[in-house]
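Here is the structure we will look at.
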Ligand code: SF4
């Protein structure tokens, strides 16, 4: 029987396999940030251990960092202490660190690919569930907890068991204005937040192959919202073209050897998946979420659902509590929902392509009177690139705020938060209760829907702007 | 990590599905750099905003077993969620389905997660609602949960069970195989990326 792509990458990294024990898996790249690492470094110190491979480890500051006043010390003393702990720890253990404001700093899942550290066929981990993002390159990448961070720091390995295999095939052509974000929101709405549990998802099909690397990252990023720890896409010419010339991509003869190995990374024709889902790209429209988990999403043309319409009792209860929390009434068309804040950013949609799409729609338009729009680039490099292209000027001319790089309002650990009862259209990945600030209400959307929504102040598809003549 | 063999205590019913780790402990509590003291953040939004929230009820104040709806622990990989539950006095969480990373973190932090069939989870929720003082036993040796006259078996792989029963440190176990790791590293392709020059 053949192997899937994920199985091939997994098997290539098995250090030790013994009956009755989990496998020991080698880790090619370990990304570290300030929130999930301090206790791991303490653990190393307490046991007198060192970091086995600082040269396969990279750290940055992203979750806590403010996006304004970048040159001043962090105002919140607790956030500052955590960032300082990372700086001290990485210095002590010899790990490369990208401090706030420097070119390589940014959201951990944006900088790995941007530096060319994320490559096909690798195993990549980070104390962060959206590590699945790196799967866009054909890497097996997944989030781990702090105990495992310590384990990887100490041994460069993890104990693992093979996951089940799921195929999500998206064939056909995406309609205009429908993006990778809409694809993944549709997938999650279809299979549910537990649908991928225990599985690695491989995204395949002509619609996936046609996507840019940025869009592929958006899709793999939200595998975790579908319950899967990892999601990946077979590497191809698009992948190689993205990588060539980046800081850490191989060059010369090494490049040729690497590409030859990468071309082998495809699911065999006779490989068997434990579960297969098929989606017709042409049938998709922009998706938005109405509830408090990412599976509670619908096409933007739909209305807020009636909880009574759910057959399953726990779905019904979840819908009821979601509507109460979100302050929504069943039957309201999604397009009539007004938002206070639009957030463009995060590891899902904070890359250059996302900023370009939004800027294109905002060019010559203005953010609605009672709406604020925050644009937070995923990394300092993305920020610089956008400024070279003049996108910052488009955003500020439209009345949006152009900020420094970081996670920002994706999780509201820094001062960028929703006030209680405030409603956002957000390009991030989680609409959990209070995620963007206590009492805040989040609708997950694509960058194009975010920009269109900023212009009208209501949930809006990009196509609506043209018909309205805006 | 403390060893876990068997635990008897009272249980609290949390009849909610998709309890994500942002609900278990919100991001603002993750700024700390210690490994303990997270109980103040445990379910803090629900405890503050919902006076009737089940865990606010005095009869469940001493519960050490949480009986939750399906898809418990979705979302972020924060192990702080496991620590907060442990700091809050819980030794076991029972659900029909857990998110993968949460469950995996539990095996590292010493919080036992037990998967029971949905019908048994509900039966147990009913039972501890009717009688909050009901004694519930979670027996890792026998792989079963017992209350009143009910017995519900659960699955856990032998290796994880052994590690929990012995309270063994994963890193120490892996360090027994350093020779294998050395050999693997010697065979890695030279073009694989490095973060340092
Ligand atoms: S942008 Fe959001 S989801 Fe991504 S790493 Fe940061 S906090 Fe996590």
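Using the three backbone atoms N, Cα and C, a Cβ is placed for every residue, glycine included.
Among the features that TrEMBL reports, [4Fe-4S] cluster binding site is placed at A:347, A:407, A:410. Under the DSSP three-state reduction, residue A:410 ([4Fe-4S] cluster binding site) is assigned to helix. For residue A:410 ([4Fe-4S] cluster binding site), the same-chain residues 6+ apart in sequence whose C-beta sits under 8 angstroms from its C-beta are A:343, A:345, A:346, A:347, A:348, A:426, A:428, A:429, A:430, A:435, A:436.
According to TrEMBL, the feature region 'Disordered' maps to A:418-443. Long-range contacts of the region 'Disordered' (A:418-443) within the same chain, counting only residues at least 6 positions beyond its ends with a Cβ under 8 Å from a Cβ of the stretch, are 130, 181, 221-222, 224-225, 288-294, 296, 325-327, 337-350, 354, 409-412, 449-450, 453-454, 459.
Taken from TrEMBL, the feature compositional bias 'Polar residues' applies to A:424-434.
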Query raised in the report: Whose Cβ lies within 8 Å of the mean position of the Cβ atoms of A:347, A:407, A:410, the [4Fe-4S] cluster site, other than those residues?
Result: A:62, A:63, A:107, A:130, A:345, A:346, A:348, A:350, A:378, A:406, A:408, A:411, A:428, A:429
Query - Surrounding CB atoms that lie within 10 Å of the CB of residue A:347 ([4Fe-4S] cluster binding site), all protein chains - result: 28
**Report entry** Neighbouring C-beta atoms (10 Å sphere around the C-beta of residue A:407 ([4Fe-4S] cluster binding site))
**Finding:** 32
Query raised in the report: Which numbers of helix, strand and coil residues does DSSP report for the region 'Disordered' (A:418-443)?
Result: 0 helix, 7 strand, 19 coil
Query raised in the report: Quick one: what's DSSP say for residue A:347 ([4Fe-4S] cluster binding site), helix, strand or coil?
Result: helix
